[in-house]
Structure formats: C-alpha cells, structure tokens
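Undergrad: The structure is given below, and queries will be raised subsequently.
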Amino acid sequence: MTEKNRRSLGRPRSSEQTKPTKEVILHSALELFLSNGFQNVSLDDVAKKCNVTKATIYYYYDSKATLFTDAMVQLMSRIRGYMLEILQGSEPLRQRLYRVTEAHLRATLDIDLDSFLREAKTSLTRKQLEDMHKAESKMFDALKTAFSDSIKTKEIPEINIDFAVQSYTSLLKVGNYRNPDQSGLFPTIEEAAKQIMEFYWNGLFPNKTQKQ
C-alpha cells in the first residue's frame, strides 16, 4: 500500500506543514466569514484561500456550519483571552473596563457580530448554537469575576452582577454603531470608549466620580 493510500482521504502530509493545517483553515475561514458573511462563503472559497483541496477541508470539518461554529468559538476564546489579561490587572475596575472597552471596539471596528451571527443562525444546528452560546458565556464570566472581586474588596458597592455585565456588553455594541453614511457615533475609538465608560459608570455608580 502506498503512502497516498495509507493516508485518509484529504489528510495533508505532515511534512508539508509549516503551521497546523486545521489552524490555517480556521484562520482563513474566519477572515472570509467576517469579510463576506456566512452565506457568501463556500468551502471552495476557504480551500482556495488556504491553498488546499476541498477534501482537506472535509477531513477536518464535515460542513461549512461546523467550520463556522469552530471559527466563532475560537474568535470568542481569543476575545476572552485579551479581556482576562486586562481584567486580571491591578488597576481600579473602572480603568480596566475602559481598557477592555477600547480594545474591544478596536478589535470589532469593522465587524457587526450580531448581524453576522443572525445571518448564520438558520443554518446551524441546536448543538452548534449551544457551543457558541457557551463560548459567549465564558467571555461574560471574565467580567462577572472582575465585578465580584471588586465587590469583595469594597471597591464598588453591592450590585446585580448579571445586570452590570449585560448593561456593559450592550453598550459595547453601541460603540461601533454606523450611521447610514457609515460614519460612527464618535470621531475616534478613544472618544467612544470614554463616552461609553462615563455613561456606564455614572449610571451604575453615581457616587463614584473617579475618572479613567
């Protein structure tokens, strides 16, 4: 039996890889999905961008929906990573939230994640939707921990943490809102982050006037 026959259909030779093939596929697919939307991307498009065969894509992913789900979970995992890095710092909570706000707005400047996920929703299975919701919940858990720790140290007063987190993430989505002419609500990301945090913090903690 030849080496070609021994290998599973579509499986790339390990010697040909400078980067794990699955990682290359995920990265390329994510770029395509974010740029063009779920419906406008085919597995042929992904294979072409990765410079691999469609059979190679199918070796790792049995459908476009599966690939999309994995790409979204990985994206949210990366977002959670940078949030954790910032939130685990020693600065006061308000400064840390400001930094998260600015970083998040910068990372999602050209991405309307809500519209993006709505477009794909009808093509995904319940299990795939659950996987993405779990990944999203893990992102929120980092914020919940930061609020909980700040309450324990008396940095902020007792508050409904779920409400605080949901309110904050809702404002994050507003930060990258685009008018019909594609202009933003604020001239710069820094200004958007500043206005979001002033509105959020002063509404949640009106007696704490500390500036970022």
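Using the three backbone atoms N, Cα and C, a Cβ is placed for every residue, glycine included.
The DNA-binding region annotation in TrEMBL covers 42-61. Feature annotation from TrEMBL assigns domain 'HTH tetR-type' to 19-79. As annotated by TrEMBL, region 'Disordered' applies to 1-20.
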Undergrad: So how many of the residues in the DNA-binding region (42-61) end up helix, strand or coil by DSSP?
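TA: So the counts come to 15 helix, 0 strand, 5 coil.
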Undergrad: As a test of reading the model: what is the averaged pLDDT for the domain 'HTH tetR-type' (19-79)?
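TA: It averages 92.
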